[in-house]
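Data block below; observations after.
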């Protein structure tokens, strides 16, 4: 899989925001982790934080993760904003780049 820049990931997600909202009920989506910190390597996955209009079924959540992987051509670690534990939440919310 080819590595993308943060800007390319943002651009792809932005271009598909309407579909993400309509098909998956995504209210807010952003990138955090190694891509935001400029530490991503060839084998890095992309960490994506998502907030839904209503909590999806597990099947729908997995479907979204697979959709994003196909869209970006990268492995995706999808994290629900509502499931962040307080210890890590501060770090994630400080570095997340929303699109």
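Each Cβ is built from the backbone N, Cα and C atoms, and glycine gets one as well.
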Where Swiss-Prot places motif 'GSX(10)DXD motif' among the ranges 18-32, 33-47, 48-62: 33-47
Sequence-distant neighbours of residue 47 (Mg(2+) 1 binding site) in its chain (C-beta under 8 A, six or more apart): 31, 32, 33, 34, 35, 77, 79
Beyond the flanks of the motif 'GSX(10)DXD motif' (33-47) by at least 6 residues, Cβ under 8 Å: 3-4, 6, 9, 72, 74-77, 79, 95-97
DSSP-derived helix, strand and coil totals, residue by residue, for the motif 'GSX(10)DXD motif' (33-47): 4 helix, 2 strand, 9 coil
45, 47, 77 excluded, remaining Cβ within 8 Å of their centroid (Mg(2+) 1): 33, 44, 46, 48, 75, 76, 78, 79
